[in-house]
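Shown next, in structure tokens, is the structure this report addresses.
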Amino acid sequence: MADAEKQVNMSVSRSTSDVSGAPGGYLGGPALEHMISHDTQRAFPVYHRKLGNPAPLGLISFASTTLMLSLYNIQTRHITVPNVVVGMAFGVGGLTQLLAGMWEFAAGNTFGATAFSAYGGFWISYGTILTPGSGVLSAYTGDKANQLNDALGVFLLVWFIITFIMFLGTFRASIALAALFFFLDVTFMLLMIGEFMQKTEVTQAGGVTGAITAFIAFYTGAAGLYSPDASYFILPVGDLPKRKEA
């Protein structure tokens with residue numbers, strides 16, 4: 001009887017030691033699963049949740065907001081005041097893209113997470129600039145009015161640099177994605193020059209390249225959305241050669 005009791009005590013001591021690395025310790029978590037699976041009973045079942053692809057959501061959100069602003073920059077239907085885009089900038093281009101970026105982080109896609117989160121921030125900041133209550137535009141009045149174009153030019157210059165950095169990261173992705181960031185960078189460059197030089201024609205040219213960017217983003221987003229499980233056809237994006245494993 002004494003030998004059996006001693007054996008039980010040794011088993012309990014070994015079980016608790018497996019959990020913390022020291023006799024009598026307890027930390028729970030993965031260590032608890034290890035203890036249960038090795039000493040008392042079968043492990044709890046582990047469920048691997050399959051995540052959806054957030055890229056189509058981010059791309060289509062980016063495309064729709066970019067197209068809307070680009071049509072305003074072209075002065076479609078003689079529209080010269082772009083403030084209607086504020087709602088799209090906050091809700092679709094901003095919030096929805098930011099959410100897509102966070103979900104890309106969860107999926108382990110660093111490039112997609114960085115791109116969607118960054119451009120979601122761009123649209124939120126642009127919407128803030130156009131919002132009267134923010135006080136951004138009202139700060140450039142009186143003798144400071146001539147600084148507004150230069151200030152917007154600097155804002156666009158920063159995003160030209162960011163977009164160029166992102167463009168360099170697409171060379172092993174796909175032709176569609178590389179073309180998207182190339183035309184987006186050209187768009188920022190033209191809009192920047194248009195603000196610095198105060199040339200409406202250059203800004204309109206930026207609107208044209210922005211519309212091209214938007215349609216490429218629509219196409220790329222649709223290519224991710226039309227999977228073999230959901231569609232009778234798929235859209236080619238021109239996959240580029242990947243780095244060969246050593």
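Indices start at 1 and increase along the chain as displayed.
Just so you know, glycine gets a Cβ as well, placed from its N, Cα and C.
Those TrEMBL annotations? Automatic predictions, nothing curated.
Residues or ranges marked as compositional bias 'Polar residues' in TrEMBL: 8-19.
As annotated by TrEMBL, region 'Disordered' applies to 1-23.
Taken from TrEMBL, the feature transmembrane segment covers 55-72 (among others). Here the transmembrane segment (55-72) has Cβ contacts under 8 Å with residues 79-82, 84-85, 88-89, 92-93, 96-97, 99-101, 104, 109, 112, 115-116, 119, 123, 184, 187, 206-208, 210-211, 213-215, 217-218, 220-222, 224-225 of the same chain, all six or more residues outside its ends.
Non-local neighbours of the transmembrane segment (84-103) in the same chain are 51-52, 54-55, 57-58, 61-62, 64-66, 68-69, 72, 112-124, 126-127, 130-131; each lies 6+ residues outside the stretch with a CB under 8 Å from one of its CB atoms. Among the features that TrEMBL reports, transmembrane segment is placed at 84-103 (among others).
Summarising the annotation, TrEMBL assigns transmembrane segment to 123-140 (among others). When Cβ-Cβ distances below 8 Å are used as the criterion, the transmembrane segment (123-140) is approached by residues 65, 82-83, 85-86, 88-90, 92-95, 97-98, 147-148, 151-152, 155 of the same chain, each at least six residues removed from its ends.
The transmembrane segment feature in TrEMBL is assigned to 152-169 (among others).
Positions annotated as transmembrane segment by TrEMBL: 175-193 (among others).
Beyond the ends of the transmembrane segment (205-226), by six or more residues, the same chain brings 53, 55-60, 62-64, 66-67, 69-75, 174, 176-177, 179-180, 183-184, 186-191, 194, 233-237 to within a C-beta distance below 8 angstroms of the stretch. Positions annotated as transmembrane segment by TrEMBL: 205-226 (among others).
Remote same-chain partners of the transmembrane segment (175-193), defined as residues 6 or more beyond its termini with a Cβ less than 8 Å from a stretch Cβ, comprise 66, 70, 73, 153, 156-157, 159-160, 163-164, 166-167, 199, 202-203, 205-206, 209-210, 212-213, 216-217, 219-220, 223, 237-240. For the transmembrane segment (152-169), the residues of the chain that approach it from at least six positions outside its boundaries are 111, 114-115, 118, 122, 129, 178, 181-182, 184-185, 188-189, 191-193, 195-196, judged by C-beta separation under 8 angstroms.
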